[in-house]
Each structure stands twice: as structure tokens, then as C-alpha cells.
């Protein structure tokens, strides 16, 4: 009995419980919202235990895939519920769970309105994310891809800040529209496979063996690429991100920046590069160009922002440019660099959004001019912010640098000019990160600063764990690199294929 | 044994830093100072123990420690690895011993400051990062320390963050060094691609084997040189260091005089084999070093801020080291690095004590006549000034500068096969620099300590601050006798220490070369005495109105130039970026679509309206026409029937 379906279903079922828990008004003194919070925490703990089980359980067969689950869903169409787990999806699921714990400890308790519904949607998003990371049936993948979107839309639209409706709509339009292109691509691939072999199936491993003409494979790959590019985001289609990140409530910002963006990177690795290796390598120059453009453009715009959350959002675009660059260098080094960058960025940016959320909760503003220096009033929060800002600027010894260095190294192999251009992004990242530090942490306090409470020691301990993670990623990334390698292509690797379908 | 002690050397200050930052606000000032001093002190003791172990071992012995595998991927590997060899040993001793003295001083200096915990956690973190930089045997590992010291420097320059000018200076320092770091990273990427590893030994072996193309070696050396120039504030990156004096004085002494800014020198000395194969880059290094040393000396001449004079003098002295590196005498560069760390730390700490007692007055023209009020500090400053000027025989600076000068005299740059460049012009300029050095520093001495009293000195220098000054005085005077020119007793302990097998030879050194090196500072001292030292000085201030003086005082307009060429365009760009252009474009497209669809909707509605109207009208006409048929006359009906029948028959027949 494999725990994979439980892993996927548990959060959404638990979310329903959390909603119910809020409805049943307890007669004790504790407010209702705490009930749903406790349920959500319990669900996450069970989920973590399940994941530990998957992680430590040795698969009965020696193969790169750690877990497998398959059952027919719509047999007439060849659609099955098929879940497979390799190192890449496992490490990204771990990242998701860690970030969910962070949100739960640091952000969602502050939600006062309709906390039960909030937790339900929060956990439903988690289900979508985990499902996306596990699904190896293309139809199922698309299902989870869309499932992830809807609760997030509601979270932004209902619990967001002042301009939430517009931001949520923009987010929905972009991801939904690009998702449709991906659906077309999926259908195109399935039909191509049907014409070729007469078998109607949505199975990832079977479809990967479809012989395709170069033009068709390029077209199909572009459909996938558009969907993932919007999610990652890649520069011309990034415009939903700053608004959505800025307007979302803290927990949703964390989920968006920490994990939702990673689904784009995951998809590119799993579906673009692995399903269409030839088309991807032909497309690589353009993709790398887009990656560099993203790095520089995101950093440049980040330098110009006055809104803390917007600044962090644009810095995310810059960091995700490295992921795109690394994936399309076509080498293992670049891929591993991109994965490390995803993990490090997920942790670091999530922490920065939590810091920004804590500031907004206390001062009710995100405008850096109106925040002023906080070090004297809140040394703990400020030093946390300083640490993660420094991590964001790519300090060696912290996770981001490892990722960026590997990506740069792989890029240098392809083109030294592009790599040199990319290092300019490192200078820009120093500019925006330190600008933020010198505006809101290490600066003279505003005269009208009301007395504020620093973050309590137990929250500091949570942040300290994230810091430790980043240091480990920076100084000892080797286990993660070996662990999170995506499983080899089933097409090229016969043993992998046999192992994958026991 | 050594394998355990070497990581501990770095761990001690690191742990001290973490303890201080975690316990901030909970322990007293004295405890914080004590923790910091103990951390650095332990490190200094370990450094001495390890040095003794290393020196008592075999002549070419090194102490390598691979802590763990960092990044191992196909085609590239890097380790967290440390090596203690003789070059890094010298640096370790400088960093830990001078660092300890400065920490002890800082306990006295920063006692009153509310942010003392932040100060000491940054300082000890800096020492740890600097030790990583020094000890790393892998260039990528070195890069951790390289950026780490930059970060600590940023935090300490902007230590008093209440003044936006300080944080701006801090950011400027970080940005400028970061540009160099980006270049250095490019150099590392190039070497990593070619050699498959960044282990210093492996890189040098790959270069020696010819795995890297000659052009590649040149480009890599150029990239690394740019990184070193930025870190060491050489032309064209020199503008950040004078502004960096916004930090507390112990910081200026430790980071911006003794250790961090010499990291560039150390890096090139480490990679001297690589640079030896890149002749054009070597020549460029030497020329830039000479340019820097003259330009900075001239600038120091016209400054009026005590700390800025010392900052420009640091740039100038680093220029000497780069000159030596460019000429291939890296031993001399390291020797000067060591003595410079002693006397510049002494000068900064003394200046800090003077400024503190003179009521935080930094303008040398408002100070003055302090000789009587603070004789001890005067003596210390004069010792430091003499060592900086390189007064012959009695100071450490003389021996190290002499070694550089003689090295420069002998060098020939083989740029191409037929075109070589003699080092003699550079020697001449370096000699001029020595004269100018004595001139500007004794100008400072005479103005600050002689003449009429300017400010009222208060308080007294505490013992905590006095003892380090005494130690540094001793080192500044006697630290140089371990290496002497052959004209004097031929003592070559330092070069023998660095490289026991092939000590640098000074054999064919003419006597007048040493003599010239000895006379230049004396001449500078004499001129300074004439100009500023009399009871009624010939001139107190160099006329400030002269255009050249104003230009020089502002660092030759480089700040303004950079502001015009880089900062303002960047401001403009960020101003442009205030609204995401792509976002605007896409939002605009959306708006346009909405407008168009609205119009289309209206047009469609109008069209349908018209269609309905037309339809009604047409139906009316049709009804009218049909009505005409239905007129009730039998003749007409019969005619219709007959006509229809004919038409039907005709169609049936004809078809």
C-alpha cells in the first residue's frame, strides 16, 4: 500500500475538517479560529509523518522512482490516476511542507475573518501543489494544476490587501489562459500518440516515447512552456506576479513565492526538457535569453520599488531567471543549480515575505518611506530581515549562492558572454537588497514611530531554523543535490522505465 | 593535531560572534568586550601554535585540511578545504595579532556606545571571514570569506546608521567591491571551466600544464585583477575607501587599513604563478599600482580630515603593494602588507584616540598643538608616521619599501617577444611617491601636534587603549628588521620564511639604490618641516582656491565622474522602472481590448437594431405585395393558375 494518494488527499480532507472545526462553536474560552488552526497543524503533522515514511521507506525495487500509485480513472479515455515520486518531487514536497509550517506558525494565526475557510483554502492549495508534483498522468497533472489555482484565487481575492480584486483577477487570467494552452498541448500530444499507435492514453511514460516531427514537438513544447513560463514567471508574462504577491495575505504570498513558482520550474524540468528533449535543446537559446532578461529586468525593477512586498516580488522574478537559465543550459550542473536555487529561493523569499508581513501587521504600511528604521525598535525582526536580504543578494555560504554559482558555471560552458552578463544581475541584487536594508532596518527611526512589539522568541526560533536550512544548503548542498536529482528519462533509460512500471 | 586546530582557528571568532549576537541586550558591555577579545585571542594563540608547528616541520611543509565535500558535480568539484602554508601563516598572524590588539583597543573605545554588541559581533565575524579568506585552499571557498569580509565591512561602515551619509558610504563600498566580486566570479568561472576545480593547487597546475589557453590565462588574470583592485580600492575603484571612514575608528584600523583591503594583494600573491604567465596583466598591475600610489599621495597632501588623510595614505601604500605584485616581487608585497598592517593600525588607533580626546574633532586645522596635552599619543603617532614615511634604519616601513623599490628597479616587463619595458620609470615614480608620503604625513604631524593649541584636550587615554598602541609602536619600529637589503647586514628571514628553497636575491643591488630610497623620505620630512614645522609656518593651508587643489581634495573628480556616468543614469533607469513597462503594456492591451470589445458590442447592437428595422419594413412591403394578390377577382386567380401551370410544365419539359 503506497501512501502517495493519502499524501495528496489528506490536506484537502483535513482542510474540510478545519472548516467544520470552526463551525462547531466550542464552549471553551479559546476563540473559534484557533480550533481550525489546531486542526490544520495536526493535519500538517500527519502529512509530514507520511512524507517521512515515504522518504525513509526503501522502494522494493531498485529504481530512481521512490513511489508509485496507479488506478484507472476514466478508462474510456485512457485517463488514470497515476502518481509517481522521484527525488525532485520529494524535495519540492518537503519544501512545501516546511513553508506551510512556517505560514502556520508565523502568519495564519493572525487571520481573524473566517479563519476556517482560510485554512481550508490554504490546505486545498497544498493538495493542488502536491498533486502537481506527483501526477504522471497528463490529464491528472492538468487537473491538479488548475486545482492549485482556484483556492489561491479566492485567498487573494477575499483576504488580500487594498487592491486585491484586480490582482486576483490578473493572476487568474494569466494562469488560466496559459493553462488552456497547456491543455491544448496535452491533447495534441495524446492525439499524436493515438494516431501513431492507436492507443489512447494520457500516461507520461508512454507519451514520452511518441515519435514526433520536429515542428510538432516544438509546437507542443511551446504550449507547455507558456504555461510554465507564466507560473515561473518569465519576463514578458510576469506581470501578474508583482500584483498578486503584493496584494495577497502573508500566508498566500509565502505559498505563491515559495512553492507556486516552483511548480513552473518543476514543470519545465519534467515536461519540457524530459518530454521534448530535442525541441527543448533547439529552444534553449531563446529560453536562456529570456532567463537572462528575467534576471536583469527583475533586479532592475526591484531597485525601483518602494513597496517592500513588491520589491521582494520583483527579486523573485530575478531569482527565477536563474532557474530558467539553469534548466535550459542542457547540462546536469545547470539542472542541479536550478533545483538548489528553487529550494533556496523558496526558503529565503518565504522568510522575507513573512518579515514584510510582520512589518505590515505592526505598522499597517508597506511603503519603505513610511516605515523608517526599525533596528532600534525591533532588533530581532530587523536582524532576521537583514539575514534574508543578504541571502537574497547571493552571499556565498548561503543557499542562493550555490544555486547561482552552479547555474553560472553551466552557462559559462555554453556561452561566457551570457554568463558575464548574468553576473551583472548579482551587482543589481546587491543594490536592491541593501537598499531595502538601509530603508527599513538599518536606518534612523521615524519620529512618529509608534511603540511596536518585536517578534517573540519562539517565532525567532522558527526563523532560525530557516536560516540554518539556508546555511546548510549553502555549505553542504551535496546531499540535496544527489537526493533531488530528477529521475532519468524513461525514454533514454530502459532500466529506469522498467523500474518505473513495476 | 593540526587538523583540529586549524578549523578551530576560524571557529573561535565565529562562535564569539554568534554568542554576542544571540546574547545581545542581555549581557553587559564588559562581558561583550571580553567575549570578543577571548574569541580573537584564542584564535591568535592557535595561530602562533600552528605557526610554530609549521615552521618546525619540513621546509616546504603545508598543513592541508579538507573539511567536507562542498559541491561535486560532473566536471566540477569544490571542497571546503583549508591550508596553512607559509604565505597564509604570515597573513594569519597579521590578522589575529593585529586583530586582537584592535579588539582590545575597541573595548575601551566603544565602551559608551549602545550598539556595542552589534559592533563586536560584526568585528569578530569579520575576523572569522578574513581567516576563511586567508586559509582557504579552494578559490570558491576563498570567495566565501571574500564576500563575508565585504558584508562585515558594509555593516561596520554603516554602524552609526542614524546618519544617512554613513549608510550611503557603506552601500557605496559594498557596491563598488561587489562589481569587482562579479568580475572575480567570472574569472573563477573561467578557471573552473578550464581546470574542473578551483583548488588553488589544481588551478595553478592546470595553468602550468597549458590546459588553459594563453588568452584564457590573460583574461582570467584580468578578471581576478579587477576583483582585487576593487577590494583594495585601487584606481579606478579607489573612491569608496575615503568614504568608508564613516565607520568607527577601530573598524577603519582593522578592516580598511590592516586586513580586508589587503585581501586583493593576498589573492594575487597566492596566484602569483598564474599572474607570472600573464605578462600584460602584470604590467597593467604595476602601472595601475604606480598611478594609484602617486594619485593617492597627492590627494592625501590636500586633505584636511585626519581620517581621510590616513585613508588616502592606505590607498597609496596599497598602490606600492600592487606595484610590487606587478613586478613579480610578491614577497616584497607581502612584507609591505605586514609592516603596513602594523603602522597603519597604529596611526588609525592613535588618530582615533586623539579625535576622541579632542571632542570628536577630525579637522587637522582645528586640532593643533596637541604635543603638550597628549605626549604619549604624540609619540605613538610620530612612530607611525615615521614608519609610514619609511625613515631609514629605525622603522619597519623603510625595509619593506626598500625591498619593493629594489624589486621594481630590476624588473623588465616582457610584453611581447621583442618589446620589453624597463621598470626604471616606475621606480622613479615610486621614489617620488616615497617623498610625497613623508611630506603629507609629516604635514599632518606638524599641523596636529605642533604649533598653537587648537582644541582643548579632555580626559585621558585609558590603559585598554594604551597597551595596544604600545605593542603596535614596537612592531612598527622593529617589525622590519627581519629582512634587510644586502647593503646592510644581509638578513633575509622573511623571504626565507616564505620560500625556503629559492630566497629572493638582492645580490646585484647598487648601493646608491638603497641610499636613494633612504634619502627620499628624509627629504620629505625636511620639506614638511620647512613648510609647516616652524613656529610661524611658511604656509598653513595649501591655498584652497587653486583649481588643482580643489580637484585633488575631491579625489580628482572621480566621484563626480562616476556620479555622472554611472549613478545618474542608473537613477534615471530606476526612475523609468518605477512603473513596470511590460506591465503597462499588457494592462494597456487589456484596456484596449476592452475598449474595442465595447465598441464591437455597440456596433453589433446597432447593426441588429438596423436589421430588425429593415426586417420589419421588408415584411411590411412583402405583406403589401401579397395583399395585392389577394384581391378577390376570379379572372386574376384563373390567370395565376394558368401562368403557374405553364411555368411548371415548361420547367418539367425543359429540365
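Each Cβ is built from the backbone N, Cα and C atoms, and glycine gets one as well.
Caution: TrEMBL annotation is automatic and unverified by curators.
Within the set A:140-159, A:480-499, the record from TrEMBL flags A:140-159 under the feature transmembrane segment. Counting only same-chain residues 6+ beyond the ends of the transmembrane segment (A:371-394), those with a CB under 8 A from a CB of the stretch are 308, 312, 315, 319, 344, 348-349, 351-352, 355, 358-359, 362-363, 365, 400-401, 404, 426, 429-430, 432-434, 436-437, 439-446, 449, 451-455, 457, 460, 463, 467, 470. Contacts between the transmembrane segment (A:311-333) and the transmembrane segment (A:414-434): present, as 3 or more C-beta pairs lie under 8 angstroms, all at sequence separation of six or more. If one looks beyond the transmembrane segment (A:115-134) by at least 6 residues along the same chain, the residues whose Cβ comes under 8 Å of a Cβ in the stretch are 4, 7-12, 14-16, 18-23, 32-33, 35-37, 39-40, 43, 83-85, 89, 92-93, 96, 100, 103, 108, 140-141, 143-152, 154-155, 158-159, 251-252, 255, 259-260, 263, 266-267.
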